[in-house]
Amino acid sequence: MKALIILGLVLLSVTVQGKIFERCELARTLKKLGLDGYKGVSLANWVCLAKWESGYNTEATNYNPGDESTDYGIFQINSRYWCNNGKTPGAVDACHISCSALLQNNIADAVACAKRVVSDPQGIRAWVAWRNHCQNRDVSQYVKGCGV
């Protein structure tokens, strides 16, 4: 009985960690989910974006004190405009999704919301990390050797 209690406590103390994708694994997943060429954005640009926004980490979050919003998940999708975290003042929730859904290891919801973001007039330029690290650069290295 004592061993079962200890085992239960050990299992409760295990923290759930987000998935950190390997570069080519992410490229294959994004391609499978329809991002390659979506709204004219190459797969290499999406992988570059994810690298610089989250380090390929599905559980990445970043609080923005200026507007009290938070960026979520592999694409760092913002709670001010795109998802609902129940805390951001004046949030729009244009993706009609809970921000916590953007932190899942299965990135289908994050991809669906990213498709919504890139469909706006600003397109992929909505992401600062893409503008700073991927725009007007050779991003082919992000899919090199991935067979995609």
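Any Cβ shown, glycine's included, is placed from N, Cα and C.
Quick look at what Swiss-Prot lists:
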- GLU53: active site (ACT_SITE)
- ASP71: active site (ACT_SITE)
- CYS24-CYS146: disulfide bond (DISULFID)
- CYS48-CYS134: disulfide bond (DISULFID)
- CYS83-CYS99: disulfide bond (DISULFID)
- CYS95-CYS113: disulfide bond (DISULFID)
- 19-148: domain 'C-type lysozyme' (DOMAIN)
- 1-18: signal peptide (SIGNAL)
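When the domain 'C-type lysozyme' (19-148) is classified with DSSP, helix, strand and coil residues number 54 helix, 14 strand, 62 coil. Near CYS113 (disulfide bond), with the C-alpha within 10 Å of its C-alpha, lie none of the recorded positions CYS24, CYS48, GLU53, CYS146. All protein chains included, CYS48 (disulfide bond) registers 24 other Cβ atoms within 10 Å of its own Cβ. Here the domain 'C-type lysozyme' (19-148) has a mean pLDDT of 97 out of 100. In this structure, CYS134 is the one among the disulfide-bonded residues CYS83, CYS99, CYS134 with the smallest number of other Cβ atoms inside 10 Å of its Cβ. A distance of 9 Å separates the Cα atom of CYS99 (disulfide bond) from that of ASP71 (active site). Candidates CYS24, CYS48, GLU53, CYS83, CYS146 (recorded positions) were compared with CYS95 (disulfide bond); those inside 10 Å Cα-Cα are CYS83. When the recorded positions CYS24, GLU53, ASP71, CYS83, CYS146 are ranked by how far their Cα is from the Cα of CYS134 (disulfide bond), GLU53 comes first.
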